[in-house]
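As structure tokens, the structure follows; a few thoughts come after it.
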């Protein structure tokens with residue numbers, strides 16, 4: 001523990017008499033003179049100004065999800081500033097994740113609609129043609145179709161992802177180093193990312209299914225059997241997200257709600273590793289040494305790069321997931337993941353698995369930038385509030 005050491009006198013040496021009045025011209029402070037109190041991390045207690053530099057830093061700085069240790073084995077990771085160092089669950093990460101998720105939905109939903117139409121729809125050709133077709137047939141509102149449900153639910157989904165990731169990372173640091181505030185090693189970041197991806201699928205699969213069904217219900221449709229599905233193509237089958245959820249649950253049961261869960265696991269578990277690890281490294285590389293709190297431009301750039309990498313590599317399994325979840329709007333074509341892969345390859349070749357990769361990469365940058373910015377800035381504000389309320 002850092003403290004203010006006193007002078008130790010040898011035995012038999014009389015102690016000097018204390019001076020009743022301070023010297024009118026005090027000399028320079030000693031090697032461990034107490035610095036003035038100030039607001040922030042050290043508020044409420046004197047911070048020593050010592051001649052030596054201690055090897056320990058405070059457990060966590062206020063107002064940042066990034067923290068550094070004296071000799072970190074890895075550049076700082078996000079979501080690790082707890083302020084306690086005890087490894088307990090921190091609800092601030094969940095709240096900040098909710099804000100980041102809401103910001104990412106507003107920014108990325110139009111491109112997400114285009115991505116889904118390209119991957120699971122027919123007759124669109126390339127990205128530009130898809131954009132023009134949607135605009136001509138459905139106007140600007142077509143790009144925001146199905147956004148209300150993700151706006152409410154993906155915020156919760158992101159809250160779970162960031163909360164689980166950050167708290168798992170702290171738990172692993174506690175188990176490995178005996179200190180939850182210790183900077184995480186690469187293995188801890190990777191394991192925390194996989195845990196977050198696995199847990200998130202339980203919430204994310206129904207959310208994605210409803211979103212994709214609403215996005216796909218008016219798409220051009222050629223091979224349907226109207227005897228099996230009397231709904232006329234081009235007309236909405238679902239009146240909204242609640243009606244869609246209830247209809248799928250009634251007709252297909254729990255299995256229908258979780259259609260595509262296997263493909264989503266194969267997409268998200270490795271996908272979140274390629275999301276959080278690049279963000280951690282890039283943010284640590286951009287920030288100068290000794291900078292504890294990342295500035296918004298660093299978060300924006302690191303988050304955008306992480307989004308491009310993650311979504312670009314996840315595209316093949318994202319195609320399979322989108323097709324499985326869109327299957328069932330008018331007919332059922334696929335029996336499972338393997339059948340979807342084989343049919344898609346036989347009918348459209350290998351290039352089908354990279355359909356929408358441009359849109360994925362392009363939308364990955366603004367969406368992830370908005371998500372990490374919303375997360376980091378809201379977490380910073382909450383920690384500043386907490387510091388001012390409880391100095």
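In case you wondered, yes, glycine gets a Cβ from its N, Cα and C as well.
Looking at 54-86, 87-119, the stretch flagged in TrEMBL as region 'Disordered' turns out to be 54-86. For the repeat 'Solcar' (184-285), the model's pLDDT averages out at 82.
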